[in-house]
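Colleague: Annotation comment: TrEMBL describes 12-226 as domain 'Glucosamine/galactosamine-6-phosphate isomerase'. Annotated active site, proton acceptor per TrEMBL: D67, H139, in sequence order. Marked as active site, for ring-opening step by TrEMBL: N137, E144.
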Amino acid sequence: MYILNLENRQLASQYVATELLKQIKMKPDSVLGLATGNTMTDVYKYLKTLINHNHLQLDQIVTFNLDEYVGLNADSEQSYHTYMYQQLFKHHQTWHKENIFVPRGDVDNLEQECLMYEQYLKDKGPVDIQILGIGENGHIGFNEPGSSFESVTRVVDLSSSTMKANSRYFDSIDDVPKQAISMGLASIMCAKRIILLAMGRNKAEAVSQLIEGEISETLPASILHQHPHVDVIVDNEIFEVLDQDKVQQLERHLS
Ligand code: PGA
């Protein structure tokens, strides 16, 4: 695991967008693992611009999203289907609908949806680059504390801290779905490369536990220490509270 400190949200988001661009340019049929949430909005903003400037064709790119709420229609305002469409997919006609995978949380048979999603991942994967945010409780995807390191795509119960954090997108906390479909920790670990982006003081505790703590299912993101190619990108607000001795062991400077 490497840690890379970039001063602010703009630079950190541009870095992640540029890594995605480089991947698309290098391999026009790349498989990208995408994430949602406030962390990723500027990544997609910069990626859209880079796609335009580079006149990229995206019709062979395959994308997999990490998760979706159970019980929300795909076209509802707060669904991650809608998030991805608004933030990224609607802006370029060359994304190929058939190559975009986001789990459906609005189907009758959720178990079958999870099995199908995991099978698509196996058939189309492995993911070349998986981008990740991190929850204040150390979750990745919606793999909440206590999730098994062996977990694959499945229905999960959201923790109260996640529901509270995500309630800002809903009228009230009572409207936040209590469950989601999430790619599992084992599914995420199949990606060839992983970039975790963490910004802002509210993520500092989770990141310092990730950098300084044990590998344990109580901090789901800690599984990433077992992956051979992970970059953790942090802004100054997080960097300043980290144990600098630990950081030095992991630090990567931009060349
Ligand atoms: P956020 O969520 O980007 O909205 O902070 C990230 C996460 O919970 O994984």
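Backbone N, Cα and C atoms are what each Cβ position is placed from, and that goes for glycine too.
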Colleague: Between 0 and 100, where does the mean pLDDT of the domain 'Glucosamine/galactosamine-6-phosphate isomerase' (12-226) sit?
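Modeller: Mean pLDDT for the domain 'Glucosamine/galactosamine-6-phosphate isomerase' (12-226): 97.
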Colleague: Which is it, of D67, N137, H139, E144: the one of these active-site residues whose Cβ has the most other Cβ atoms within 10 Å?
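Modeller: When each Cβ's neighbours within 10 Å are tallied, H139 tops the list.
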